[in-house]
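What follows is a set of notes on a single structure, which appears directly below.
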Amino acid sequence: MDSPCLVALLVFSFVIGSCFSDNPIDSCWRGDSNWAQNRMKLADCAVGFGSSTMGGKGGDLYTVTNSDDDPVNPAPGTLRYGATRDRPLWIIFSGNMNIKLKMPMYIAGYKTFDGRGAQVYIGNGGPCVFIKRVSNVIIHGLYLYGCSTSVLGNVLINESFGVEPVHPQDGDALTLRTATNIWIDHNSFSNSSDGLVDVTLTSTGVTISNNLFFNHHKVMLLGHDDAYSDDKSMKVTVAFNQFGPNCGQRMPRARYGLVHVANNNYDPWTIYAIGGSSNPTILSEGNSFTAPNESYKKQVTIRIGCKTSSSCSNWVWQSTQDVFYNGAYFVSSGKYEGGNIYTKKEAFNVENGNATPQLTKNAGVLTCSLSKRC
């Protein structure tokens, strides 16, 4: 637990998480000092496109007591064993753990990973986590760092599918493929081989909130590739996250689909903050952008694949209530005419960007103790 990556994770998470905030997700549950007796209340607190995510609510509590990993025949008490069961489970941890997976871990539907009350690290030079062809998964309170590429090997996908060969993977920290109703909240992501969060292959109904992203170049990819137009159905909410320090680009980088980027705090980037190709709809609202010092890096946005300056002028990229520092600026285009993007259940109040540092100051893994509010 004394590697430079782990020390950095602890330092940044302490600095970001030292005070209480009142964004609508946190105010739903964080004031309750008895949260540990009512863990599943968390499932009622999501907002945005992933607000219907149930995770393991209504299922049994499953406690991880063993940090070991067997990709094919996981032992009871290990994380992979709980993740691959074919029933709803709310997965908690008996204490602090550093879990180095031997192969990518696939999560079955209707699961919650709830790291509150422990410091749970996944990565450490091993492959990380996949959510593929399932629905209703909540990932909360984990450190995902140092995720690496994997080799060809057999993996237990879940109880129904059994063991299947899994091809080498790129080393993303968290990958969503053809996944629906997913909520990723209050995690700390850094230092992985490829991306930190990838949402692809018609994944939709996703909320990514209250996370800390730092020390990484390619942060978040939404949309598989420019040839995969089925991602037009993708809807993702990116809200109350802290991007930085030391993030390069893709916060997010979108293809097709609809992305609402709301009340996120951006430290200076090295390439760009928000980008995309293949005509995604990007609605930026109430964010705080601080540009790097270099004069040629002030633009928040980058449009990729435009053959001429006018060929992307009809893309709907809108900025409302954003605030800009150190010369940052957002290039808007198009006009959104789709009406309300959210149902009544999904909708949440978005503050002016001036309030965003307060709303995001607890982004990342929280420090939660029994009988005390997080």
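Placed from the backbone N, Cα and C atoms, the Cβ positions cover glycine too.
Quick caveat, the model's predicted, so the values are computed rather than measured.
Out of Cys5, Cys45, the record in Swiss-Prot bonds Cys28 through a disulfide to Cys45. Here Swiss-Prot has Asp194, Asp198 binding Ca(2+), and the candidate from Asp170, Asp185 in that same listed site is Asp170. As annotated in Swiss-Prot, Cys306 shares a disulfide bond with Cys312, one of the listed residues Cys247, Cys312. Between Cys128 and the candidates Cys19, Cys147, Swiss-Prot annotates a single disulfide bond, the one to Cys147. In the three-state DSSP classification, Cys312 (disulfide bond) falls within coil. Secondary structure from DSSP puts Asp198 (Ca(2+) binding site) in a beta strand.
A separation of roughly 26 Å, to the nearest angstrom, links the Cα atoms of Cys45 (disulfide bond) and Arg250 (active site). Sequence-ordered, the extra residues of this chain that approach the Ca(2+) site, with Cβ no more than 8 Å from the Cβ center of Asp170, Asp194, Asp198, are Gln169, Gly171, Asp172, Thr175, Ser192, Ser193, Gly195, Lys218, Leu221.
In the three-state DSSP scheme, Cys306 (disulfide bond) is classed as coil.
Among the recorded positions Asn158, Asn191, Arg250, Asn293, Cys306, Cys312, no residue is found with its Cα located within 10 Å of the Cα of Asp170 (Ca(2+) binding site).
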